[in-house]
Every structure is written in structure tokens, then in C-alpha cells.
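Asks: One structure, pasted below without further comment.
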Amino acid sequence: MASSSLQSLFSLFCLALFSLPLIVSSIGINYGQVANNLPPPKNVIPLLKSVGATKVKLYDADPQALRAFAGSGFELTVALGNEYLAQMSDPIKAQGWVKENVQAYLPNTKIVAIVVGNEVLTSNQSALTAALFPAMQSIHGALVDCGLNKQIFVTTAHSLAILDVSYPPSATSFRRDLLGSLTPILDFHVKTGSPILINAYPFFAYEENPKHVSLDFVLFQPNQGFTDPGSNFHYDNMLFAQVDAVYHALDAVGISYKKVPIVVSETGWPSNGDPQEVGATCDNARKYNGNLIKMMMSKKMRTPIRPECDLTIFVFALFNENMKPGPTSERNYGLFNPDGTPVYSLGIKTSSTHSSGSGSSNSTGGSSSGGGGNTGGSSSGGGIYQPVTGNPSPDYMSISSAGGKGRFVECVLFFFLLCIIKLRL
């Protein structure tokens, strides 16, 4: 009898083990609409699947987009623009917004997050800064009233300009002049379990100091990297160093913030720019985004400071947006042209393992149609990094490639736990 029970348990163990993918893509894409030539949102899903995306971040709560993603399997993040913060401080208006723009589309459209404001604390607008935290509280309160606070989190996005310095990561802290506004937000993250969102662009760091910043280091290409003298952690790419700079800043504020997760809400590289925008080329954009997406597909998204945490990243952006103000680069961050053709080849292949409901393999980038969105930006500044030197650390390389092994160990432990319980019964 005991032998039969153990055989049944072993069968369940095998089923659980092989039904859990050891490598699971968690690729996010920013989907903006600051353009007058984009196709309708219903045509966007094939493009997102072609790059292996499973998460999509909007810059508004566009009804057409929310309807288009119904039943698609994609996890959606919606947003409240800075222009709405003052009125969303009113709990009644916040509740109306949540009911109309979030609850009305559930459960068919899988909305998982609301981003309240973008780079507000570094906007140098005191009225906007004052309205941010009350708006976050009101939106969260509205989710609580609707019984949605367990499935949808509330957060806001920051630029790296919230840091006083960003090199080396172990020396970073948050700007003192922002702590009064930032600390209540960090307490909110601790209380609600929501992540802090960071817009991180290694492109800006390279553009500002190309003589002293290694291009290979910022493009995820093979390089010597550098070892942080304060932590002895080795970094072979700038994005991870920027993320760990924020983790160091969180640790410096207080022990209660050590468990606040980070999401990279924007990162990308422009394929074109003005003459003075050093590094804004199609080849560099192809390398940055292609290498980044390949890393996400292979589950190597764990930084030295938080090797136990998988880092969620949203690439900016899905389309080139022809109506964005600013330098030429601002209109050239897209993976795709408005007609759905790829701006450049990412050199990746996707299958049903890496796409949201896609049943066939695709070679990117992209063959079908395009999409829409509203506002979005790549205005965040990257930290200035010094010349990178040093040798790659074998220990760090083993940390960052430790992707799916944890699931296997968990399954084994779970199986033996079941055996012990069964034998005792």
C-alpha cells in the first residue's frame, strides 16, 4: 500500500517537474502612442509575440488598447499621466477612475499594475510633487474598495536622477532634497508590497562621456567589466550596475526598504539621433535591445546585490513615435516602424515557450502589423560611469546564470515533503 502511494506521489512529482518550464520569458515592452501613423491596437499582439513579450506597459488607460488585449494573456500595466495627479488626490475621483478604466475591463484584460505619474520627483514642479503621494494613496484606496488591491499594485516611475551619484553602486544614496517626498512613497511600497519603478538608460551615460565609458559595457557585449571597490561585486554591463545603485540607495535609507523590489520600467537605445547624440545608431540599438532580450529569454536577469530576485524589465519602446518632442533620438527608440516592419533585426527566435499564447516559432523582428499608445518618454538621465576595468568574476557569472535551477530544487523538496507526510499518515 505504501509502495503504491509512493509511486503515485512520484508520478505527481514527475508531472509537476516537467510541466514547470526551467526557462520562462518575462519580457516587458513599453507601448506608446505619441504618433499619428500607428496601426490600431488590435494589430499589435503579433508584434509583441514576435519578440517574446509577456508584459505590456501603457502610458494611459486607452480603452481601445484595453479591449484589444482582452483574452490575449498579456499582463498589462496602465498609467495615470502627471496631468491627472492633482485631481486623483480626491478619493472619490480616484474611485471613479479605477472603476471606469480598470475594473470595467477585468477579468478579460489582465491588468496587474497602475503607474501613477512618471519621473515626478525630478520634474522640478513642486505642485506636482506634492500631489504624487496622495494620488497613489487614493488610487490604492480605490482598489481596496473594489477588492482589487491583491491583484493590482500601485507604484510610480523615477529617473536615475533621484540618486546623488551612481558610480560606484556601493557609494550611492538618494538625493537629500528628495527624501522628504520619497520616504513616504518607499513606506507605501513596504506596506503594499509594490515595487519601485526605475527608468534606466545606459545610453545617456555613454552619450555624455563616450571617451571614458566602454561601449561594449553598455551594450551587453563581451568586456572586462569592473569590480565595485566598496562591495567587491563585479559588473559586466551598466544596466545591472545602475539597478544595484538603486538597491544600495534603498539599503542606505533603512533596513525596512531592503526587500522593496525594483522593476526597470524603461530602458532602450535609439536607432537614430542628432549629430551630437553620440552612439545613437541602428547598430548600437540592435546590439543593446537584442542582447538584452536574449538575456531575458535565458533568465540571466539577476544582479549581484539581489541574486535571489528575477529582474523585470520593460524595453522602450514598441514603435518609433513621430510626434514626440525633443531631439531626434526621442522619435527613434522603437523596435518597429509604424507599418510593422522591424527597424533592425534583433537576431532572436521565439516559440510558444517565450510568447503569450503563440503556437509557432517566429524569427524577429516582426512581420505583421503595429499598434498605438499615448505618452511615454526616455527623458531619464543615466549616471556617469568612470572607465571600466577589471576581470570578470566567475562567482558573479554563476549567479547571473542560475535561472531555472531553483524550480528543480523546489520540486525535489516538495516531493520528499509529500513522501514524509504520507509515511507518517
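Every residue gets a Cβ built from N, Cα and C, even glycine.
Not my notes, these are from Swiss-Prot:
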ACT_SITE  GLU119  active site, proton donor
ACT_SITE  GLU266  active site, nucleophile
COMPBIAS  350-366  compositional bias 'Low complexity'
COMPBIAS  367-384  compositional bias 'Gly residues'
CARBOHYD  ASN124  N-linked glycosylation site
CARBOHYD  ASN362  N-linked glycosylation site
LIPID     SER401  GPI-anchor amidated serine
REGION    347-387  region 'Disordered'
SIGNAL    1-26  signal peptide
Asks: How many Å separate the Cα atoms of the residue listed as 'active site, nucleophile' and the residue listed as 'active site, proton donor'?
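Replies: The Cα atom of the residue listed as 'active site, nucleophile' is 11 Å away from the Cα atom of the residue listed as 'active site, proton donor'.
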Asks: In three-state terms from DSSP, label ASN124 (N-linked glycosylation site) for me.
Replies: coil
Asks: Per DSSP, to which secondary structure element type does GLU119 (active site, proton donor) belong, with helix, strand and coil as the options?
Replies: coil
Asks: List nothing but the one residue from GLU119, ASN124, GLU266 whose Cβ has the fewest other Cβ atoms within 10 Å; the candidates are the recorded positions.
Replies: ASN124
